[in-house]
Amino acid sequence: QGNILDSYVRTEGAWLLNPKKQIYRTNSKEECAELCETENKFTCRAFLFTSKDQQCLTLAENTKTAVIFRRTNAVLYEKRIYLLECKEGKGVDYRGTEAKTQKGVPCQKWVDNAPHKPNYTPEKYPSAGLEENYCRNPDNDGKGPWCYTTDPATRFDYCNIPECEVECMHCSGENYHGVVATTVSGLECQRWDSQQPHSHGYLPENFPEKDLKMNYCRNPDGEPRPWCFTTSPTKRWEYCDIPRCTTPPPVPAPGRQCLSGRGEDYRGTISVTESGNTCQRWSSQSPHRHARTPENYPCKSLEENYCRNPDGEKMPWCYTTNRTARWEYCTIPSCDGTQPEAPAVDVPEQAQITEECYQGNGVTYRGTASFTLTGKKCQAWSSMSPHRHNKTAEQFPNADLKQNYCRNPDADSRPWCYTTDPSVRWEYCNLKRCDDRVQVTLPKPPQTTLEPNPDCISGNGKDYRGTVAKTGRGRTCQEWSSQRPHSHDYFTPMTHPGAGLDKNYCRNPDGDVNGPWCYTTDPRKAWEYCDIPKC
């Protein structure tokens, strides 16, 4: 029952650099999903679909194992089962990436013969997901996923994979994957992929590992228990009434005495903040009242007044005994010996400098604009919140990635930035080209009239209804109703009756941020953007 895409998480404007892939031509994303399901060259974890090119790429990796890039007009779909890090029942279907035993010993790769010669291999059990050195359960073991270990003295051991809670919840319900969809007061939950009646950033594509399916109660952000936005315009969100499991929660893996990642598994005894304030006991409500208590977070080891990270913050923290400082981060030594990264400081709002402009594609732009085309504030390049990325000053030392200023480190078509809106990863910036006309000189369409052209666009040109019918590089546009030389089922007068797809005029039926475009009559070039001036 349901659409084949229900088992995938969708991310707009994303691309994965993936050496293991197969390329197909398809008419729809549903067809692409079918190809992913039947892919026999490798295990398909995700696929990319581009509607303009009607191209489908099936992929062996997903965002957990490959680097994500920005790309306009591409949509990434990832199989939910490969994003979940919990098991149902015995975990025969577990396809997560845990690769160490319950005692912390790294797993041996399933294809290796040392230090242990395996009985279970990818060749003998091709459907068991025996990839890399990930924990699996190929023999339906009653104790759950396991692996051969890299310790010559221990042939195999079980892995510590938490249960996907369905009927009840352990801890704070981080792994709850049930179908309760009403709040404690009986209100119906709003769908996670909906912005009505409440606009929010908790979209399935922003939290692919959190299983934000339908309108089911979930805990994507470290709250004391699962919650949801409600369908009542007067009540934004509310907790859900999920019963606690009567069975004990899984035994946690040994905690660390140093900082790894965000430090959610830090179990050391540091109890002083980075500014020298003493931490308040987690069980105390003085001097600061709070909900981060041992009762609300039973699995987060909120002992004494030790620094902890129970709710997914950037690093361990604590409430302080200083009445004027409610809470602060702690300085925890890093496990790899490097200094822990300081929390990114929010960049203050600043007035837009509308006089600024950029030349060419804006690679040399060094101004201070920091707002996008739709008015969103830019995320600082040094920050990994709300969007993690690799466009840093270290990776691009010549790109001048200062503060949250608009830049073009990767030679895109114009300056851009990551946004501070969790629901929008990146956008182009609200900047104009300088009127020097010494820009990238694209060949002008032949036969252009010299009289004033009434054709111009506002914004991204989605409402443009002019008669330009050549691309920026001079190619003649193919009629939208024609399937020659390029076959296309996505953008036709039938599929988009309100998009003005008349004749072969340049249009923007999909709201492309770069403006109007068209399919071309050149068999070697499927489509191109049109060069239409701004109004």
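Keep in mind that glycine also has a Cβ here, set from the backbone N, Cα and C atoms.
It should be emphasised that the depicted structure is a prediction, and the values quoted were computed from it without experimental measurement.
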Partner cysteine of C240 (disulphide bond, per TrEMBL) from C189, C217, C279: C217
Disulphide bridge to C258 as given by TrEMBL, partner from C171, C330, C335: C335
Whichever of C406, C434 is disulfide-bonded to C429 when TrEMBL is consulted: C406
Model confidence over the domain 'Kringle' (167-245) (mean pLDDT, whole number): 86
Between C279 (disulfide bond) and C330 (disulfide bond): CA-CA distance (Å): 9
Where C330 (disulfide bond) sits in the secondary structure, as DSSP reduces it to three classes: coil
Proximal residue to C434 (disulfide bond) among disulfide-bonded residues C228, C245, C318, C406 (C-alpha distance): C406
Spatially closest candidate among C189, C217, C228, the listed disulfide-bonded residues, to C417 (disulfide bond) (Cα to Cα): C228
The domain 'Apple' (1-81) in contact with the domain 'Kringle' (356-434), cutoff 8 A, at least 3 CB pairs, sep 6+: yes
Fewest other C-beta atoms within 10 angstroms, as judged across C189, C258, C318, C406, which are the disulfide-bonded residues: C258
Candidate ranges 167-245, 257-335, 455-535 - greatest C-beta contact count to the domain 'Kringle' (356-434) (under 8 angstroms): 167-245
